[in-house]
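Quick notes on the structure that follows.
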Amino acid sequence: MSSRMAGSVLLRRAGAGASRLFATTPSPAARAVLGGGEGAWVRLMSTSAASQVKDEAAKAVKAEAAKAVKAEAAKGDGEKKEVAISSYWGIEQSKKLVREDGTEWKWSCFRPWETYTADTSIDLTKHHVPNTMLDKIAYYTVKSLRFPTDIFFQRRYGCRAMMLETVAAVPGMVGGMLLHLRSLRRFEQSGGWIRALLEEAENERMHLMTFMEVAQPRWYERALVIAVQGVFFNAYFFGYLISPKFAHRVVGYLEEEAVHSYTEFLKDLDDGKIDNVPAPAIAIDYWRLPANATLKDVVTVVRADEAHHRDVNHFASDVYYQGMQLKATPAPIGYH
Ligand SMILES: [Fe+2]
Ligand SMILES: [Fe+2]
């Protein structure tokens with residue numbers, strides 16, 4: 001075969017191959033690869049078209065749902081409201097809250113309806129006299145913890161308060177969590193005690209948020225908090241599992257010590273040993289203090305909170321002492 005003839009044969013074969021490649025109907029080889037003949041090819045084409053239609057439909061449904069949520073929110077009390085829908089889920093994020101004087105509420109960590117005026121008329125001198133062996137162990141455990149605390153902090157009460165609040169916020173959360181799990185396990189109500197204990201934990205955490213504005217922890221204090229939390233959380237967790245009566249008594253005595261510490265803090269403020277600086281903004285809003293409130297006002301309301309925690313925990317321990325479960329006695333919700 002001459003080179004000219006060979007060239008034309010090659011071109012013919014290439015043309016046939018190209019026509020197979022670009023043909024809309026698949027070649028037998030392509031059909032074999034697709035594994036289902038022409039039917040499968042058609043199905044493949046129609047599936048991709050169908051999924052496109054499906055996507056479009058889903059988008060339309062999403063848009064409709066968002067519109068419906070918007071319309072529902074706008075209905076409200078008959079007024080037209082501008083509600084920002086940040087996502088498909090319809091979560092409102094830009095609803096502006098205001099204080100009583102009409103100024104904007106700037107905290108997202110707590111809302112106006114979670115604030116309160118502390119009852120500072122509470123008796124600060126109350127004390128549970130330890131009579132039983134268990135009470136004495138609880139009492140002397142707390143007293144023995146006071147000794148290293150006094151040495152470590154001396155009279156640096158701002159720092160001391162901040163550090164101790166990192167511990168004080170643990171028992172309420174542990175107790176609340178264990179009562180929650182018990183309620184689930186036993187198919188029974190808690191008498192409101194889950195909420196009461198979680199409220200206490202939240203209140204203690206707000207004490208911490210407040211004192212953070214007054215004193216900043218140093219690196220070794222942060223390390224100490226991590227170590228103490230690891231030990232205390234586990235100790236309290238197992239202590240509460242074994243004897244909630246003992247656990248609540250320990251907290252009752254811890255709160256008695258907290259009342260004492262804040263009284264000493266106030267003395268140093270009165271004597272001018274600690275500057276009576278303006279109250280942090282977060283404290284003014286949380287306890288509804290006057291705009292010109294000072295650190296002394298803050299410590300006064302925090303001490304009142306501690307006295308309430310003291311009473312709640314001694315009361316809870318007494319309930320167990322009387323052979324009852326907490327659920328038998330309605331919990332003191334919102335007791336500040
Ligand atoms: Fe506290
Ligand atoms: Fe407390």
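One is the number of the first residue shown, and numbering goes on along the chain from there.
Cβ atoms are placed via backbone N, Cα and C, with glycine included.
Residues Glu255, Glu306, His309 are recorded by TrEMBL as Fe cation 2 binders, and the candidate that the same record lists for that site, out of Glu202, Glu204, Glu213, Glu221, is Glu204.
When Glu165, Glu264 are compared with the Fe cation 1 site residues Glu204, His207, Glu306 in TrEMBL, the one appearing in that site is Glu165. Apart from Glu165, Glu204, His207, Glu306, the Fe cation 1 site neighbourhood in this chain, defined by C-beta within 8 angstroms of the site C-beta centre, holds Ala161, Leu164, Ala168, Ala169, Asn203, Arg205, Met206, Leu208, Ala258, Val302, Asp305, His309.
Same-chain neighbours of the Fe cation 2 site beyond Glu204, Glu255, Glu306, His309, judged by a C-beta within 8 angstroms of the site's C-beta center, are, in sequence order, Ala168, Glu200, Asn203, Val251, Leu254, Ala258, Asp305, Ala307, His308, Arg310, Asn313. In this structure, Glu165 is the one among the binding-site residues Glu165, Glu204, Glu255, Glu306 with the smallest number of other Cβ atoms inside 10 Å of its Cβ. Proximity to ligand 1 (Cβ under 6 Å from any of its atoms) holds for these binding-site residues out of Glu165, Glu204, His207, Glu255, His309: Glu165, Glu204, His207. The C-beta environment of His309 (Fe cation 2 binding site), restricted to residues of the same chain at least 6 apart in sequence and closer than 8 Å, consists of Ala168, Glu200, Asn203, Glu204, Val251, Glu255, Ala258.
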